[in-house]
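Inspection log for the structure reproduced underneath, given as structure tokens.
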Amino acid sequence: MEFRRIDFSKFSSVKIGGVFDVQILHANSDFNGIVIGGANNILISPNPPKLGILSDEFNFIRLNGDLLTIGAACKSAKIYNFAKRENIAGFEFLRNIPGTLGGLITMNAGLAGFEISNNLINVKTNFGIFDKKDLNFSYRKSEIKGVILEAAFKILRGFDTVLSDEIFAKRKNQPKHATFGSVFKNPKGDFAGRLIEAAGLKGFQIGAAKFSEIHANFLINTGGATFTDAIDLINLAKKKVFEKFGVKLECEVKIL
């Protein structure tokens, strides 16, 4: 087995976590753990489970007729630029969003009515190939077993530059600090950010972890935040929102 030593206080988007050995995964790797992708939507605890990261052999995009196949290690920026260049619709929402395809599919990433699963045909994992209908995609969720290796999409022509610009304009107003983006999923019919703000926690800080004053559902690292800082702030938001509104906030960030 091959390993890579990763300092998550530098590697993860929220800049929180210790130094751990992460298994580099190849097509024939035997692995039973959590794939970290680009570490954009995870919070690493002091005692995480077994961690893995895909090798560069899964960083590819192949165009074959009406079929687009993308490796799970491929970054969202690469996918977006390819789709724009090749005039392929359905990937406009990836503009300026972090992550790799594996993570995007796992959480069914999306924005403004668009989701990564919209034009998906199937997903290949270390357990086999699974059709979209068998993966039970829903809001920020999927039921994919095993390690995602690649995915196939149907091609719809007509990249929408106007839509891309609109999405980019929305994201320009998001916090610029180290963050994993949205902490919580939006409850049905409401917004997590609104609930956190209404509970009096917008701008609230524990240690160096803080709910952004720009968007209350963004937890930001103001410098040197620890796992304890972040988890205490997350748990406080859950408690306050439930006490005030009776709503149980569900984490979008994966706590490992």
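The first residue you see is number 1, and the count goes up from there.
For all residues, glycine too, the Cβ spot is worked out from N, Cα and C.
Per TrEMBL, the features are:
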ACT_SITE  R140  active site
DOMAIN    167-256  domain 'UDP-N-acetylenolpyruvoylglucosamine reductase C-terminal'
ACT_SITE  S182  active site, proton donor
ACT_SITE  E252  active site
* Asked: the domain 'UDP-N-acetylenolpyruvoylglucosamine reductase C-terminal' (167-256): mean pLDDT?
  -> 93
* Structure fact -> Same chain, |i - j| six or more, Cβ under 8 Å of S182 (active site, proton donor); the result in sequence order is A192, N217, F218, E252, V253
* With DSSP as the yardstick, break the domain 'UDP-N-acetylenolpyruvoylglucosamine reductase C-terminal' (167-256) down into helix, strand and coil residue counts. => 31 helix, 18 strand, 41 coil
* Structure fact -> A correct count of other C-beta atoms within 10 Å of the C-beta of E252 (active site) gives 20
* Cβ packing number for R140 (active site), 10 Å threshold -> 18
